[in-house]
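Trainee: For reference, TrEMBL lists these features for the protein:
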- LYS195: active site, proton acceptor (ACT_SITE)
- SER16, TRP17, ARG37, TYR54, LYS111, ALA144, ARG259, VAL283, GLU285: NADPH binding site (BINDING)
- LYS111, GLY140, SER142, LYS195, ASP248, SER258, ARG259, ASN260: sn-glycerol 3-phosphate binding site (BINDING)
- 9-164: domain 'Glycerol-3-phosphate dehydrogenase NAD-dependent N-terminal' (DOMAIN)
- 184-323: domain 'Glycerol-3-phosphate dehydrogenase NAD-dependent C-terminal' (DOMAIN)
Amino acid sequence: MVAPAPATVAVVGAGSWGTALAALIARHGCTTVLWGRDATGIAAINAHHENARYLPGIALPDMLTATTDLAACVGAADLVLVVVPSHAFAETLRAVAPHRPARAGVAWATKGFEPGSGRFLHEVAAEVLGEDVPLAVVTGPSFAKEVALGLPTALTVHSDDAAFAQAVADVLHGPAFRAYTGDDMLGAELGGAMKNVLAVATGVADGMQLGLNARAGLITRGLNEMLRLNQAIGGKAETLMGLAGLGDLVLTCTGDLSRNRRLGLALGRGQSIADAVREIGQVVESVQTADEVMRQADKHGVELPISSAVQQVLHAELSPAEGLKLLLSREQKPEYPAGLFG
Ligand SMILES: NC(=O)C1=CN([C@@H]2O[C@H](COP(=O)(O)OP(=O)(O)OC[C@H]3O[C@@H](n4cnc5c(N)ncnc54)[C@H](OP(=O)(O)O)[C@@H]3O)[C@@H](O)[C@H]2O)C=CC1
Ligand SMILES: O=C(CO)COP(=O)(O)O
C-alpha cells in the first residue's frame, strides 16, 4: 500500500515555539513552511538553519523553509498551525483567513485568552474563520528548547472534530514525540492559560526562598483552582488531570525554562515587573492572562485566591510579601468543602 503523501503545513509565528514545532513537523517529513514577520530573522533562518534570536545554537532541519509571505505560506497549506502570542492571535487569524484553502483546518499552540475580552481562543477562531472550519488546540507540557533539541515530549490536541484532532496529532507524533488527542477545547485552553498564572505564584515563592513545601502546596492548591474554574465553565475534569492541566502545571511551576516561572522568581527576589519582562525578552503570557483568568472567575462566581494574588502582584497592588500574607491568613477549611471539585 502506498503511504499517503505528507501534508504541507504552514506554521504561522516564528518565535521559539513556532520554530520548534515547525522543526519537529519538518523532521517528520512534512513539507513545512514557517512564517514570521521579521524579514532579517526569516532570511537568517533560511541561510543558516538556525533561529538565532529564539532558539540559539539549535540546528533546524534543512527541509524547513521560512518566509515573510503569509499569502504564499498559508495558500499552499493542508494544515495551518498558528503559534503567535495570545495578544496577536485574533489579528493573525484575520490575516490568515483570506488565504486559507478550503481544505485546510486551523490549529493553534497559543496559550491564553483574547486580552481585553477574555474570550477563549477557539471562540475567537470560530468567529474569525467561521463555524465550519475544523479547529484544534495543541497544548501540554512542552518547552520549545527541548522539543527543538529532539528530547522526548508528550502533548495533546483537542478538537470538536475527532478526525481533525487526529490529523494534527499525526504530523506532530514521531519517534521522540507523543501526541495524544481529546475533544475538550474548553478545558485544554483553560489549563494552558491558568498554568502560566500559577507558575508565577510558585516562582514568587521560590524567589522568596519559601521552601519546597510551599511550592508543592501552591501547585496542588493551584490545580484545585484550575479544576474548580474548569467545572464552572463546563470543561472536563480529566482534561485538567492530564497533559493540558496537571502536566503543564508541574512543568511550568518547576522548570526554570519557563518564562512565567522566571517572572515570578524575579518578583520574589524584589525585581520590578518591567525589568523582569525586559530581561526575559520573550512573551510572558501571564502578564495578560492573570486578568482574563480573574475575569472568567468573576463571571462564574468562582473564588481563586492564588490567581487573584498573582493578578494583584502583577499590577503592583500587592507586594509578594503581602500576597503571601494574604494567602496564609485565609480562613481554615476542609480541603474539599463541596466534594472533589467543589
Ligand atoms: N516557548 C514555549 O516553550 C511554548 C510557548 N507556548 C505558547 O506559544 C505562544 C507563542 O510563544 P513563543 O513562541 O514562546 O513566544 P516568543 O516570545 O518566543 O516569540 C513570539 C513570536 O511572536 C511574534 N509576534 C509577536 N507579536 C506579533 C504580532 N502582532 N503579529 C505576528 N507575530 C507576532 C514574534 O515576532 P517578532 O520576533 O517579530 O517580534 C515572535 O516570532 C504563546 O502563547 C506561548 O504561551 C506554548 C508552549 C510552549
Ligand atoms: O507553555 C510552556 C510549556 O508548556 C512554556 O511556558 P512559559 O511560557 O512559561 O515559558
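Every residue, even glycine, has its Cβ placed from backbone N, Cα and C.
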Trainee: Take the C-alpha atoms of ASN260 (sn-glycerol 3-phosphate binding site) and GLU285 (NADPH binding site) and report the distance between them in angstrom, rounded.
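Mentor: Cα-Cα, rounded: 7 Å.
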Trainee: For the domain 'Glycerol-3-phosphate dehydrogenase NAD-dependent C-terminal' (184-323), what is the mean per-residue pLDDT, to the nearest integer?
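Mentor: Taking every residue of the domain 'Glycerol-3-phosphate dehydrogenase NAD-dependent C-terminal' (184-323) together, the mean pLDDT is 97.
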Trainee: Determine, using Cα-Cα distances only, which of these recorded positions is closest to ASP248 (sn-glycerol 3-phosphate binding site): ARG37, LYS111, LYS195, ARG259, GLU285.
Mentor: LYS195
Trainee: Using DSSP, how many residues of the domain 'Glycerol-3-phosphate dehydrogenase NAD-dependent C-terminal' (184-323) fall into helix, strand and coil, respectively?
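Mentor: The composition, in the requested order, is 108 helix, 0 strand, 32 coil.
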Trainee: Within 10 Å of the Cβ of SER142 (sn-glycerol 3-phosphate binding site), how many other Cβ atoms are there?
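Mentor: If we count other Cβ atoms within 10 Å of SER142 (sn-glycerol 3-phosphate binding site), we arrive at 24.
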Trainee: Filtering ARG37, SER142, ASP248, ASN260 (binding-site residues) by proximity to ligand 2: which pass a Cβ cutoff of under 6 Å to any of its atoms?
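Mentor: With ligand 2 as the reference and 6 Å as the Cβ limit, the list reads SER142, ASP248, ASN260.
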Trainee: If you skip the near sequence neighbours and keep only those at least six away, which residues in the chain come within under 8 angstroms of ARG259 (NADPH binding site), Cβ to Cβ?
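Mentor: The list for ARG259 (NADPH binding site) reads ILE280, GLN282, VAL283, VAL284, given in order along the sequence.
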